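Asker: Annotations per TrEMBL:
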TRANSMEM  74-98  transmembrane segment
DOMAIN    80-351  domain 'Sugar phosphate transporter'
TRANSMEM  110-131  transmembrane segment
TRANSMEM  151-171  transmembrane segment
TRANSMEM  178-200  transmembrane segment
TRANSMEM  206-223  transmembrane segment
TRANSMEM  235-253  transmembrane segment
TRANSMEM  273-290  transmembrane segment
TRANSMEM  302-322  transmembrane segment
REGION    388-409  region 'Disordered'
COMPBIAS  394-409  compositional bias 'Basic and acidic residues'
């Protein structure tokens, strides 16, 4: 029952009470009520007084019900937001550790094949979700996607960047581990500013550049501290820098490709992953991973393929929960949530590996995460001041760029 319906019912009940009271008053035989004009006016005044009192009681009762309903609505929204954020954290953190486990397999050194298989799982899930949306349209909302060769060719340049992004992400994770992954992959924002100026001729404010300076400082401090502990992998740093550059290029090319796909993120994911499946095959052959697969002793092990499939499912799910978090909060809140998640992820990795880190090492992490959050906050303020900027665009950009990198790890 809505608040309006409850208010109408309350008013109707009050008027019925008043009608009964009025009938009892009119049937009263007291002569003083009919003895003159003064008695008649007194009766009218008492009637109006009672009517106004009843109306005040009814309206005050409806206001109390409105306040109760607004309180219930606030509680429901708070619980829903907390559930969505918790789901995003769970899927993102679990996906990182799961992929780190798959890539750290000593018996199978085939990161390209692992990434290829996750793309295959994503395409299969797109087909499955499309089928389920036709069977249960009220429960599942997923666009109808049919393969179009022309669209596939238009998406191909973006797919090449996409392959580089997810491959370098996984190689960075493989060589650096989860604990240092945040630092190794921290230059995405810096490359975004740099490449936006070179390719799109977009300038950046001094405040945003200051935030990038904080990120760069945290990156170099983290590299220095990791080198002191003796666990630094320059190969992992190299792949992390390349992955950061590809993430920025992915965001730029995504803006160019989206109009051809009607702005639909799931169509983009579908065509990107189909193209990636085809392009990965020659790369697997060139880098000799096919021989690694033939020699792998667990190739027929169901548990191995179960873990591989689960990694692909989580990779698909991260795009969905990212969209949910942006939908029920905001792009800025999503970025803050992602920063806090990265910090928690780092702490979990350090505790899980029983590692000992210096104060400066933790300071470098805080500089990177703080600089990234500050950059997001500064850009959100600039977007609000710009009359030609649509806030929803930043949500799409974050979903398609920043969180496709999450899908890769």
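Residue 1 is the first one shown; counting continues down the chain.
Any Cβ shown, glycine's included, is placed from N, Cα and C.
All TrEMBL annotations are machine predictions without curation.
Give me the lay of the land around each of these features.
Answerer: With a threshold of 8 Å between CB atoms, the same-chain residues lying at least 6 positions outside the transmembrane segment (151-171) that come near it are 99, 103, 111-112, 114-115, 118-119, 185, 236, 239-240, 242-243, 246-247, 249-250, 253-254, 256-257, 260-261, 268, 271-272, 274-276, 279-280, 283, 404-405, 407-409.
When Cβ-Cβ distances below 8 Å are used as the criterion, the transmembrane segment (206-223) is approached by residues 180, 183, 186-187, 189-190, 193, 232, 237, 360-361, 363-372, 374-375, 378-379, 382 of the same chain, each at least six residues removed from its ends.
Remote same-chain residues near the transmembrane segment (235-253) are listed as 157-158, 161-162, 164-165, 168-169, 171-172, 174-176, 180-181, 184-188, 190-192, 194-196, 199-200, 223, 397, 400-402, 404-405, 408 (criterion: CB distance under 8 Å, separation of at least six residues from the stretch ends).
A Cβ distance under 8 Å defines the sequence-distant neighbours of the transmembrane segment (273-290), meaning residues of its chain 6+ beyond its ends; these are 109-110, 112-113, 115-116, 119-120, 122-123, 126, 147, 152, 155-156, 159-160, 162-163, 166.
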Asker: Which residues of the same chain, at least 6 past either end of the transmembrane segment (178-200), have a Cβ under 8 Å from a Cβ in it?
Answerer: 96-97, 100, 169, 172, 208-209, 211-212, 215-216, 218-219, 222-223, 226, 231, 236-237, 239-241, 243-245, 247-249, 251-252, 342-343, 345-346, 348-350, 353, 355, 357, 364-365, 368-369, 371-372, 375, 402, 405, 409
Asker: Apart from its near flanks, which chain residues at least 6 from the ends of the transmembrane segment (74-98) lie with a Cβ under 8 angstroms of it?
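Answerer: The answer is 173, 178, 181, 307, 310-311, 314-315, 317-318, 321-322, 324-325, 328-329, 337-338, 341, 344-345, 348-349, 406, 409.
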